[in-house]
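The transmembrane segment annotation in Swiss-Prot covers 1-21, 28-48, 68-88, 92-112. Annotation comment: Swiss-Prot describes 71, 74 as Na(+) binding site, evidence class sequence analysis.
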């Protein structure tokens, strides 16, 4: 069941990546891949935090969303290829800027996703706690 959930999530994640990449278009700077990877980092830590802190979901749901959907949605290999091509084409500043933005931005996006999830968990806890006391 877990393999099926990961495969199904991966199917939809790959489609979402293709749609998002096409919608953002192409330019000298790989905005599409950067946006996909940053949003994927945000969503991965957001959902993992919710699953660990508050929401009890089955393994197939958790794995289908995280390893499946978000694993197929984000793309480390495409980022690596794009950085290589930029450097190979002597676009050093753009290549290194993309590398820096991808790594630091992915890390910061993940932190923001986790922070939002913790905020929502605590907000929900305060609301439910206040109702129980009244």
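Residue numbering: from 1, along the chain as shown.
Backbone N, Cα and C define each Cβ position, glycine as well.
Taking residue pairs at least 6 apart in sequence, the transmembrane segment (92-112) and the transmembrane segment (1-21) share fewer than three C-beta contacts under 8 angstroms.
For the transmembrane segment (92-112), the list of distant contacts is 28-30, 34, 37-39, 41-42, 44-45, 79, 82-83, 86: same-chain residues at least six beyond its ends, Cβ to Cβ under 8 Å.
Nonlocal intrachain contacts for the transmembrane segment (28-48), taken as residues 6+ away from its ends with a CB within less than 8 angstroms of a stretch CB, comprise 17, 20-22, 65-66, 70, 73-76, 78-79, 82, 91, 94, 97-98, 101-102, 105-107, 109-114, 116-117. According to DSSP, residue 74 (Na(+) binding site) sits in a coil region rather than a helix or strand.
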